[in-house]
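Feature annotations, reproduced from TrEMBL:
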- 33-250: domain 'TLC' (DOMAIN)
- 6-23: transmembrane segment (TRANSMEM)
- 35-59: transmembrane segment (TRANSMEM)
- 79-99: transmembrane segment (TRANSMEM)
- 120-140: transmembrane segment (TRANSMEM)
- 146-168: transmembrane segment (TRANSMEM)
- 180-199: transmembrane segment (TRANSMEM)
- 219-238: transmembrane segment (TRANSMEM)
Amino acid sequence: MLLPLAWGSLLFPGLFGLCAWGLRRARPAWTHNDCVLISTRLVSSVQAVLATGSGIIIIRSCSHVITDRHWLAREYVWFLIPYMIYDSYAMYLCEWYRTRDQSSKHPLTIFRNFLSKNRLMITHHAVILFVLVPVAQRLRGELGDFFVGCIFMAELSTPFVSLGRVLIQLKQQHTLLYKVNGILTLTTFFSCRILLFPFMYWSYGQQQGLSLLQVPFHIPFYCNVANAFLIAPQIYWFSLLCKKAVRLFDAPPAKKDG
């Protein structure tokens, strides 16, 4: 427990600082806001790759979806805790650098705007820290490592989401890279954050000899409720991604360049 916490506490802030420093030296024309946002997205992508890799290892190691164990299912959760705390602060730092040149913005106003604009993401982080971590580490007992690995796999879409945000920051929405990345973002997000939940139900059904439609009626009610709470924000974010994609491909060339 202590080792993953310590490594996470050092890795994520340290990597963020190193990226920000390196970008400032390599791209002096970029603003502090550019460097901070891009550094934040790079760190998020690194965490996503680590989480996805851990998820793949766990899933491949668990032949029985209920009882099989893998040490990463618990240890990576401890590693994830400092990332969630760091990421909340990094999001605020991005907001502060974005608005600090507006002289009318009081620090308290900036903080309030940050909470208002990011309330869903902040809630998402808080749920992970105060609900999912206790469930994953204590309340589920010795069962369900396979499903923890599945949840880790949801991070597969994060590098593509991050790249899209970086391209927007650098005003590269008109490029082919932005369009291709948008397609990959939609594909990975839908596969690993929406279809993930039917996949978990299907995997359980295969183990228990049940059809996909029978599974919700053969598992505890709180499991269905928990999955509903987890998938709801994913559906909302996916709808936002779809709206952005429609605007991008339907907009005239002059508007895309703007």
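Backbone N, Cα and C define each Cβ position, glycine as well.
Whatever TrEMBL says is automated annotation, not expert-curated.
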Stretch-level contact, the transmembrane segment (219-238) and the transmembrane segment (120-140), CB cutoff 8 A, at least 3 pairs: yes
Other parts of the chain folded back onto the transmembrane segment (79-99), taken as Cβ under 8 Å at six or more residues beyond its ends: 4-5, 7-9, 12-13, 16, 31-33, 36-37, 40, 43-44, 47, 50-51, 105, 107, 110-111, 113-114, 117-118, 121-122, 125, 128-129, 133
For the transmembrane segment (6-23), distant same-chain residues with Cβ under 8 A (at least six beyond the ends): 30, 34-36, 38-40, 42-43, 46-47, 78-83, 86-87, 90
